[in-house]
Structures are given as structure tokens and as C-alpha cells.
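S.K.: Got these off TrEMBL a minute ago, pasting:
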- A:747-760: compositional bias 'Basic and acidic residues' (COMPBIAS)
- A:8-177: domain 'CSC1/OSCA1-like N-terminal transmembrane' (DOMAIN)
- A:198-360: domain 'CSC1/OSCA1-like cytosolic' (DOMAIN)
- A:371-642: domain 'CSC1/OSCA1-like 7TM region' (DOMAIN)
- A:12-30: transmembrane segment (TRANSMEM)
- A:101-121: transmembrane segment (TRANSMEM)
- A:156-175: transmembrane segment (TRANSMEM)
- A:373-397: transmembrane segment (TRANSMEM)
- A:425-444: transmembrane segment (TRANSMEM)
- A:465-484: transmembrane segment (TRANSMEM)
- A:572-602: transmembrane segment (TRANSMEM)
- A:628-645: transmembrane segment (TRANSMEM)
- A:651-669: transmembrane segment (TRANSMEM)
Number of protein chains: 2
Amino acid sequence: MATFGDVCMAAAINILSAFAFFVAFAILRLQPFNDRVYFPKWYLKGIRSSPTHSGGYVKKFINLDFRTYLRFLSWMPAALKMPEPELIDHAGFDSVVYIRIYVLGLKIFVPLSVLAFSVLVPVNITGRYLEHHKDLTFSDLDKLSISNIPPGSQRFWAHLVMAYAFTFWVFYILYKEYALITSMRLRFLASQTRRPDQFTVLVRNVPPDPDETVSEHVEHFFSVNHPQQYLTHQVVYNANHLSDLVEKRKRMQNWLDYYENKYIRNPAMRPTTKTGFWGLWGSTVDAINYYTAEIEKKFHEEAVERERIVSDPKAIMPAAFVSFRSRWGAAVCAQTQQSSNPTLWLTNWAPEPRDVYWPNLAIPFVELTIRRLLMAVALFFLTFFFMLPIAFVQSLANLESIEKVFPFLKPIIEMPAIKSFVQGFLPGIALKIFLIILPTILMTMSKAEGFTSLSSLERRSASKYYLFLLVNVFLGSIITGTAFQNLNIFLHESASNVPVTVGVSIPMKATFFITYIMVDGWAGVAAEILRLKPLIIFHLKNTFLVKTERDREQAMDPGSLDFATSEPRIQLYFLLGLVYSVVTPFLLPFIVVFFGLSYLVFRHQIINVYNQEYESGGAFWPAVQRRLIAAMIIAQLLLMGLISTKDAANSTPVLLVLPVLTIWFHFYCKNRFEAAFVRFPLQDAMVKDTLERATEPNFNLRTYLQDAYIHPVFHKEDFSRRLVLDEEENNPLVPTKRSSRMSTPGESKRGSEASSEIEH
Amino acid sequence: MATFGDVCMAAAINILSAFAFFVAFAILRLQPFNDRVYFPKWYLKGIRSSPTHSGGYVKKFINLDFRTYLRFLSWMPAALKMPEPELIDHAGFDSVVYIRIYVLGLKIFVPLSVLAFSVLVPVNITGRYLEHHKDLTFSDLDKLSISNIPPGSQRFWAHLVMAYAFTFWVFYILYKEYALITSMRLRFLASQTRRPDQFTVLVRNVPPDPDETVSEHVEHFFSVNHPQQYLTHQVVYNANHLSDLVEKRKRMQNWLDYYENKYIRNPAMRPTTKTGFWGLWGSTVDAINYYTAEIEKKFHEEAVERERIVSDPKAIMPAAFVSFRSRWGAAVCAQTQQSSNPTLWLTNWAPEPRDVYWPNLAIPFVELTIRRLLMAVALFFLTFFFMLPIAFVQSLANLESIEKVFPFLKPIIEMPAIKSFVQGFLPGIALKIFLIILPTILMTMSKAEGFTSLSSLERRSASKYYLFLLVNVFLGSIITGTAFQNLNIFLHESASNVPVTVGVSIPMKATFFITYIMVDGWAGVAAEILRLKPLIIFHLKNTFLVKTERDREQAMDPGSLDFATSEPRIQLYFLLGLVYSVVTPFLLPFIVVFFGLSYLVFRHQIINVYNQEYESGGAFWPAVQRRLIAAMIIAQLLLMGLISTKDAANSTPVLLVLPVLTIWFHFYCKNRFEAAFVRFPLQDAMVKDTLERATEPNFNLRTYLQDAYIHPVFHKEDFSRRLVLDEEENNPLVPTKRSSRMSTPGESKRGSEASSEIEH
């Protein structure tokens, strides 16, 4: 049990480290040679170009103007300055909605803190149960918590009333926020300029036809069944192999660049390399000649493969992007069932071109259901049994077995200092590595489930990650034990006992979670702004690969909001806040600080750093709401379990109403708002169509849509650049400098690498 | 524990009583004066008319041809004779799909019985566990069950393998059946002649508009948003009060008929009545004059109310039936979202005109969600706590309190014979009455939930009733105790223990359920064919009310398949069969007999008796499948619980695979087939539209649809009659005699009473 002092100490350490991160950030960001790391967004927008202003050579790399260092927190007000509509234009709707999650946290937890501190803390302190039971181990903190109320006391009514008040407050805020996000989304969709996905539907599971090609079949089917609306379509090629080839060539290009740079700097010696694996084995050859030849070879292979794909009917997948004459036609086709067999001719809104996840477009229906089953089972085992393989690796990774495998290391390992370090370090490393690659594992699982857009993949991974955090971090910390052990306990305990078992441990874990919030939340968020990894990689690339200004642009890694991992983490804080709001209100201010700090940092990041990969129009909000509702229900059940052990059993029925109400609230909101995130109302489509027909009667939609949904490796002209140009011409928010524009600012990761190469 | 002998005895009794019912049926049905009770369907079809064949007066009422009595089971082959396509035309698609549930039962349980008797019964008998443990109480029957296997025996593998075999067999049959029903449904929908609901969409929650009436608003909205497709619409009037008036007048008409008949039979005395409540109090008046005047008054009231509805804008509900130029247009509108607020302009396929449940058409969205919440809570209490009010009533209904309230009954009640009868009878009567009115309560609850068609109301009530049967009959019988006590036990038992607790009791209850199947299943089904209640009511009406041939037609009550109560009962047999298939295979033949007998009886009934109220195109099949899947999962969990107590715990993981597979199978089938029951594919709509446009280019759809969806009380001409005429002219399956056609054969109960009156 930690005392007040311990918590203050931990707080001081974490505040200091957060402060240190901010100071480091303030210094680094002011150095011109870091400019592209900390302001890549502006470079991508073309508003900022490499710092070439007059001044000495040193000044080009280091900021010598000391006055700027004094205002080292000046980014904070700057981050708040940009108004929301402008921010949507600048950073995208998804990003703006994402940072609204932090605002939501503030809206929920600031009033909750105030209320809890003005009502529950006095009630708890004057409970004086712990003072009279000196035999119990407790800390000063516990005096502020529900533990300080004697069993059977009438004071629990205060907690019950507060539980109701908190629930209704959260209902109110959630409802208002959902309504707001929905109307923002509708306004956003309505205000958007013409985009290919507005007119296009993704058709999957096109049935095979003995007499027609896929393309003919699609054309005939839609000309017949959507006669006035069908415009054109684009079949999907299986270009996964070609993508691999392009990928490989790109890596070789990097090596070539590296050796060319080396040669330029030291023209006396032509660099050499070895032809074998990773340049470690094989015969030594002239590096530049070797890679030039290899790249030539790859280009040839690519051309052959490209030829094969276009001519081979087997390379055409039974899927197509079908475009319509109007948004109305596309909305109708996306929302209706086409064929009497509901597993054929599946139609869905097409994702944005840059949001498409191409490899998944051709999975047949039966395979899809089997994949989902397998992934569900896999997720279950991953969540509850992930400790088993890690324990196995840990049992192998001890000093004896290392010495056996690598006998030559023995003298080093046997040194006392190193030995103790390795012994302390080894057991943790397997777990650490697992946790680092976990998001990748989850994303791979989601990909295996066959989702066709990056946005849906991220949403899916996020829900998997949330389950993992809930079971292993939240429950795992409260009832210390592996998830598997806990599962075993729960299976052998009665349904009404599970909340009790978990509930009684909750007050005891408050200090642990307070520390967790400070380390993971406060310091973690402050570290986010430093961008250490991109900083290092940028400077490495800059040193070894960059030849031209254009290369330098490619060396920038603006990154993006990683919804799949960061949203579940926020949800964990919501869960902690809701669970502890009634039990240990002392935890709430820490949550409030987390949300406030995060809001500042991420608002700064989306303005200056992150480059959005795709735009889903805030399609993830229903998932955010769903997980918040789940957190509310968990909090209510645990409170019920906790209070029932306090001889206040008559309060159980009173509390039982809350989860029922919460479930009802969930369905109410779902029915009320969710459709706006899934379907496109015909009325809105019709309004936009009519408007557009009136303003641009002669627009040639067919030409506009022709190449929109071509696989990125086939892009002859860079479509997405054109798209952004269009948008910006219509919304001249900021003066643009096209000269310095990056080639494919808005394309998906998979696509951008391939397509930017095509242009060579 | 019942012995073989006991079960044989019970079987003999029940077979005899079933036989007695059949004999009684054979005799009664051959009497001409019962003809309308046992063959009403043919009267409604107009193929049969009152028996007026030559012969004596007696012959008109009693069949004296004794040869016909000898072939008293001749209806059985006759019932099987009609081929399925013809049966669909004759009895409707719903009825045919309904009796396929019995066929499904046979398809599942006949092979299961064969397999179980050839594998499991020998394995169980040779287990000899019970013989060596004479201390255990057991019966001969238990030797055939899993109880006879010694704990920890390797023989349990036979049961495991069989559990898998049974599961896969059921999967196979369910999948094939779902596929068949789906294709039948699609064929049925495709082969149907033109019907108003194919072109019509029910629009609810029309938002209020300050400047326009509902009708104008609807017209403008759909003309704008479905410009090429919108044809016409019909607003919905709130005619509930008018319906009540018509209803009241109808009852008076009955009394008038009664007194007129009385007067005709005994012209010497003019009948009198009293004006007060139920004719029991008040001043005595001439009955015929009184009712003639009253009916006149009601007619006037009706006319005023009718006037008010048409002129008062408040009588127009914010709902409308919107019709389109083509099936394609209606399909598009029904499947898409119209407005950006998903709770406004809700569009759904319109039910058939006779399937519409008018009173529910105007419930606003928020109210709807609150109603659903309240009904869900109510259903929970009804299911688990229904014993409480009944126990309360029972505590009141004892002899002492009766004597207190009605002291004058004391001498009678005190007589020993009556006293013991009343004492034995009273406690049960409250429960019995509750069980009889339970389906009505559930239907009222479903109505309160706001469903807009009779078919969906029935489906909803069926799922409520199934829950009730599952909890109170199945679980209640196995772990004897009220549902509430059981709920309490379960809440305090561990999740893994619940299947064990229930599972171990299962073998012990086999004989109870065998008896239940015989009494409720065999004898109950045989009683169904006798139609005692309609028989009595028909003869009562015939005696007191009938004046003309037309009245006699109205006195017929053909009834219909009562999906809401009979389908859940069938599901109970499926559940019993699946649960006991591995545990006590001896129960299976009883189930098989039940399904066979029911199939015969209900096929006979739908051919000769039942008159379908509406046609939903087999829309209930997904619900049937869902409940069967639930039964499979319950059976698998209980088997797991049972076997885990037999020291064969290593088998649990093997069995755990089954429910996972079953859930997967459920989702697979749902995705594969369910859409066909909910949505109308555009391709099919387009095919029908094109065909029709080619064959009848000049058909005036507007006139055809004009009055289709007018509230039944406003029907000037009898629309549904016209509909049936249309259909039959196109399908001259049987020679028709229009003369004797009933006025509104196909209308819903609510509608028919009202509309048939309008025609006077």
C-alpha cells in the first residue's frame, strides 16, 4: 500500500520526466535540420520548404536565436489556436474526430472529479472505519476511498446516488457527442468536393460465367439491373506478385543510392559488395554496377509480370469497382441486395482509393466465414493463453542454454556484472518483444479475416487490442494472475460471484493504476511528441541515401494516428476512470491530466506532423461509443460486486437497474445514429447530385472515374495527387507552393511505395 | 423411476386415447351437419356447398352409409396425396413451410434413432454398471441409457463420436432444408401474380412539416428522392375508434339476429331484454325494437366518426403506404435509408394488406425503444417470477376465504365430496388459467412493442413463448423448482457448474419426458383433429344466430395455424430429442412418432380446415432455424456437463468444439440464406418488371394500387376478394363455384369483421 508520499514522489518523477521530454522537444524542434521531423505535415502541404534562408552555414543546421528557446512551451497555445473547421481541412476529418475522444474524456471526467471530490471524498473521510481498525493494512489514500466506510453503513447511499448521477452524466455527454459527431460527419460528407468513392461501389463475389469475362459479366449485370444509373466499372487485377517485385526493386534502388553517395564522397575508391545473402557472402563485385544491373533485371521482370496480368484472365479477380452516373445510383446499389443468392454480387460502398486494401478483394464467401471462425478461436487463445509460449521461450532463454549454444560467449557471460544483467534482463525480453509485435499480430489476424479497407482493418484490430488490454492489463492487474488462471477461476466461480471477486480487489489496486496512468499516460504522451524513432531514422536516411531534395522528402516519415493501438489505450483510461469514479475518486484528477495533456500533444501532432493515410469520415465513432458503453457496464457490475460485500446487499437491485439502462441506452444510440456511419441517405445523395448537375452540367464523369480504382502498381499518372490538387484549388485555405509537393501525399502505405516508383 | 412396464402402460393408454380421438373424428366428420366444421377450407374456396343432395331429411344431418365408417382412417392417405406445389396453391406457402418443420423433425430423428439404437444402446446395455451397483435406484430403462456406463470407462468415446455424428447430421439436414426453403420462397415470390405489396413500401415516422399536410409532404419527398419511380401513396388514418364502433355494432347485430330467430320460432311471444349491463339489469323493453334502434344509432355514430377521420388532420398518422411504378423501385426504397436522420422516413416492405396490424402504424421512434425496454424487462419477470402472483392467488383461493366472501355457499362447500374436489381443484386452477391466457399475454406484449404486421407479431410472440417453455417446462422439469429458484441457484453457481447440475439430472427425467411426449404430443395432436371447441361453437351459432346461408358461412371458424404457440411447442420436442439423443436414445422413437403423427394431422388440417390469415412467404424460417441451433447448443453443453461428472473429464475439450462449430454454422447459414427472407433482390425485381412490361404494356398500376392499403373500415369495395379472384383466374387449379364464396376469405381477423360489416 502506497502512502500519499509515495504517490507524490511518483508524480514528481513523472512530471519531471514529462517536463524533460518537453524541454528536449523544444530544443530539437527549433533546430532547422530537424525541421522535417517535427513539421513534415507542412512540407507535404507544400507550405514549408527546406530552410535555405540567408545566414551562415551553421545557422542552416542549428538555431542560434536564443530568444526562441525561452518560449519553449509556445507550441501549446499554438496547437489550440487553429479552429476546428480549418483543422478538418488541414488534418482531415478522422484526425479531428480522433482528438475529440480526448475532449470527451475531459467532458466526462472533469465534472465527475468535481462531484466526487465535493461529495464522495468528504463522505469517505468521515467514515473513519479504517481508523478504528488499526489491524487492517491501509494507506492514507484508502481513507479517501470507499474502503473507509464501515460495512452496513447508510453512507453507501451516497455512493449509490453518485453512481446514478455519474451514469446519467455520461449518458448525457455520450449522447450529445454522438449527435454532434453524426451531424459533423453528415456536414463533412455533404461539403466534400467530388470524389470517386461517392460514385463507386465495390462488388465482390462476381459469379463465374462460362461465356463471358468478369468484365463483360459485370457490365451486363449492372446495365440490366441498374439501367439508368450504371456508368462504368474497373475490374480488379491480382497484382500482389507485381507489388512484391516493385518492393524488391525499391530496396535495391536504396542500396544503389547508398553506394553512389559513398562513391561521390570518396571518389578514390569504388565501393564493392558481395552477391550473397545481405551482402555477407559470395564473390565481391563492384556495387554500383551490380545494383544497376540488378535493377535493370527487375525492371524487365516487372514488365513481363505486368504483361501477364493484363493478358491472363486468371489474374482478374471476381471483384470490380462499379461506378454510377450519380451518387444516388451508387447509394442505391450499395445498400440493396442484387442477387437472390445473398453471397453473390456483394455490394458495398467503395472505400476511398487510398483506403483500399487490395490483397483481400477476392476472398470467396465460404472461405471468409471459415477465416473468421479460425481468427475468433485464435484471438481467444491469444488473449487467454499468450503466456504459455512466452513461458516456454523464457525457460529456454537462460544462461546455461546460451552457453551451450554459443560456447564462445562463455567467458563474457561469466563476468559477474554482465551475468546479473543478463539474468535480470532475459526473462522479460520475450514478453517485451511479444508486446511490441502484438499490434502487428492483431493486424495480420484482421487482414486474414478479409476486410477490404485499411480503415476497417484498423477498427477491427482496435477491438481485438481492446479485448487484450481489458483481460490482460485491467483484469490481470486487479486479480494478479495470468489471464488463463483467471479464466479458470471465473469458470469455477458462480456468475454472481465474479463481480464480487474482482470488485473487492479494486480499491486495493488504486495506487497501482495511479502510477500506471502517470508512467504510461503522462510520460508516454510527452515522449510521443519527441518522435525519437522517426528523428533517428530521418537522420540516418539523410546521411546515407538522400541525393536530391525529392529523396529528402521521401525520407520524412510523418507517420499517422495509429488508431488500432492508440484508441484501445485511451479506452483503458476511460475504463479506469469509470471504475474508480465511485470507489476511489482520488484517481480521477490523474485521468483528467492525462486527457488534457494528450489533447494538447495530439492536436499539435495532427497539425504539424501526422499525415493521414486515408479518410473514413469518422467511421470509427460507433466503435468508440460501443467500448465506452462496455466500460460503463463493467464499472457498474464491479461496483455492485464491491458494495454487496459491504453488508449493503439491499442496494444490489438498485444498482442492477444501471446496466439494464446502459444496454438500453446503447441500443437507443445505435438505432438513432449508427446508420449515418454505415449508409448514405438517398436524400443527401439526391441533393448533391441535383446541385452538381445544375452547376456543372457538362462535367465528364466517365473520364473522371476512369482510373480512380486502378491498382496502385498500374498507376500511369498519379491519381491521388490530382485529387489533392482538386481539393486544394477549391479550398485555398493556405498559399501553396506546388514545387515542393511530395509525390503521393495521400496514398496508402502499400500504394505509395509502389506508385511513386512507377513514375521513374 | 418407471420400469419398462410403466412406460408401456402409459403408451398403451395414450395410444388408446389417440385412437379414440381418431374414431370420434371419423364418426363426426362423416355427419353432414358437421361438414362445415371439418371441411371449412373447401367452403371458403367455393368448391363445396351445404349438403343438399337428394335423400331424406335425416340423411341431411346424419350419415347412414355404414360403409364409409369402415374406412375411418381413410383421411390419412388422402392427406398425403396432394402434391406440394398444388398444396402451396391450395393452402398457402406459409402453411406448407410450417408442416415442413415436422418433416424436418422426421429427417433429423429417424436416422438419429437408427444410429443410436444400433450403436449407443448396445454400448449402454453392455456397460453393466447398474447391475453391479444394486444399491443405486434404477429402472430397466436406465440400462439403455448413459447411466449404465461405469465412470471413467473408455465406452464414453462412443458417445463422443455419436455426439459429433449427430451434430454433423443435423448440420447437413438443417443446411439442406434452409437452402430448399430459401429456393422455394424465391420461386414462390417469383411465380406470384401481381400483388399490391410488391409495389408498396410502408413509410413510418414522417416528420411533421409546418406548411404541408402529411400527404403532401410524403408526395413531395418521394417525388424528389425517387423521381422516376414514385407512383402514388396512401396515408394512414387513425381509425381505431371507428373499428371499436363497428365491433360494438356487430355484437348488437348478433343479439338482434338471436332475438329475431327466437321470435320466428315462437311468434306467439315477442322477446324482451333489459337495457342494463349484459341484459341483467334495467328496464325491460322489446328486444327486437331495442336492438334495431341501437344499431341505427351506432350507424349514425359511425358515419359521424368516419366524417371526422377524413376531415380532421389530427386523424392522419405520420405514416403512409408509398407505391412505386415498379417492383425495382419499391425494392430500392425499402432497402435504403432515406433521410440523414435514420429515425425519420423509415421505409420497410409493406406487409400484405391483410397482414397489416393497423393500430401500431404511428408509434414514434423514441416511444418504440422505451416500449421495447419495458417489454424486455416484463418478459424477464414473466418468465422467472410468474409463480409469485399465482402463489398469491392460490393462497387466497382456499375454502375459508371463499366461505367468507360468499357465506351462502357454505352449505354446499361443506359437503365432503364437493369439499375434497374443490380443495384438490382450486390450487391448480390459477396456474391452469394463467397457462391458457399466457399466449394472449405474450401477444399483447408483442403488440405493445409496435410491430406492424400480424406475421411479425406472431414470430415475436413465438420467441417469447419458446423462452417461457425452455425455462419453465424444460429446465423447470429437469431441476424441479420454480424458475425463480433455479435462477437463484444458477446465479450462485459457477459458470462451468451449471451444465453439470442440469446435465446429471437429465437421464433421471427421461421417463417423465417420455410420458410428456405421449400425453402432450400424441394425444394432444390427435385431439387437434377433433376440433371440439369450433364444433361446439359452430353448432351454438347455427342454432341461435344463423338465418341465411351467408350467416352460416360466417359461423364457420376455420381457424388457422397458430404459429405463436404451436411452433415453440414443436421446438420443445426438437430440444428433447437433441438432448436425449446421446443420453437416453430410448426416447427418440417417441419423438419420431410425434413428428409423424403431427405431420399427418396438420397436413390434413391445412388441406381441409385452416384458412390462412395472411401470407408471409415463409418468413418465419430463420426463427425456426435459430431456435433449433439454440437447442443444439443447449444439448451439447448439457452433454458436456453430464460426461464431465463421469470421470471422463479429458473429453470436455473434445466436446467444447461442438458449440463453437454450431455457432459458426449458425452465422454461416444466416449470412448465406437469411437475406432472402428479409430483402428482395433487385435482379429478381427487374426480371419480373421487365416481363410484366412486355406482356401487359398498358396495365394501369395506379388504379390497381389505389385502394389496396385503405384501412379495412373504409373499404368500399372488397379489395381482397378481388385479389383472390385475380389469383384464381390465373391459376384455375380447381373448378370454382363463386356463388358460395365467403365474403372475405383472405382478410386478417381484425379486418374481416369490420369490412364484412361495411358491405351491409
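Note that Cβ sites are derived from N, Cα and C of the backbone, with glycine treated the same way.
Show me how these features fit into the structure around them.
M.R.: Beyond the transmembrane segment (A:101-121), the same-chain residues lying 6 or more positions past its ends with a Cβ under 8 Å from any Cβ of the stretch are 144, 158-159, 162, 165-166, 169-170, 173-174, 177, 567, 570, 573-574, 577, 581-582, 585-586, 588-589, 591-592, 594-596, 598-599, 602, 624.
Beyond its flanks by at least six residues, the transmembrane segment (A:572-602) meets 18, 76, 79-80, 98-99, 102-103, 105-106, 108-110, 112-113, 116-117, 120-121, 124, 141, 144-146, 159, 162-163, 166, 170, 466, 469-470, 473-474, 506-507, 510, 513-514, 517-518, 521-522, 525-526, 528-529, 561, 627-628, 631-632, 634-635, 638-639, 642 of its own chain at Cβ-Cβ distances under 8 Å.
Counting residues 6+ beyond its ends, the transmembrane segment (A:628-645) has Cβ neighbours under 8 Å at 146, 156, 159-160, 163, 167, 170, 174, 470, 498-504, 506-507, 571, 574-575, 578-579, 581-583, 651-652, 655-656, 658-659, 662-663, 665-666 in the same chain.
Non-local neighbours of the transmembrane segment (A:651-669) in the same chain are 156-157, 160, 163-164, 167, 171, 174-175, 178, 625-626, 629, 632-633, 636-637, 639-640, 643-644; each lies 6+ residues outside the stretch with a CB under 8 Å from one of its CB atoms.
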S.K.: With Cβ-Cβ distances below 8 Å as the criterion, list the same-chain residues six or more beyond the ends of the transmembrane segment (A:156-175) that contact it, or say none.
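M.R.: Contacts of the transmembrane segment (A:156-175) (Cβ under 8 Å, skipping residues fewer than 6 from its ends): 104, 107-108, 111-112, 115-116, 119-120, 123, 146, 149, 578, 581-582, 625, 628-629, 632, 636, 639, 643, 646, 648, 651, 654-655, 658, 661-662, 665, 669.
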S.K.: For the domain 'CSC1/OSCA1-like cytosolic' (A:198-360), what is the mean per-residue pLDDT, to the nearest integer?
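M.R.: Here the predicted model's pLDDT, averaged over the domain 'CSC1/OSCA1-like cytosolic' (A:198-360), is 83.
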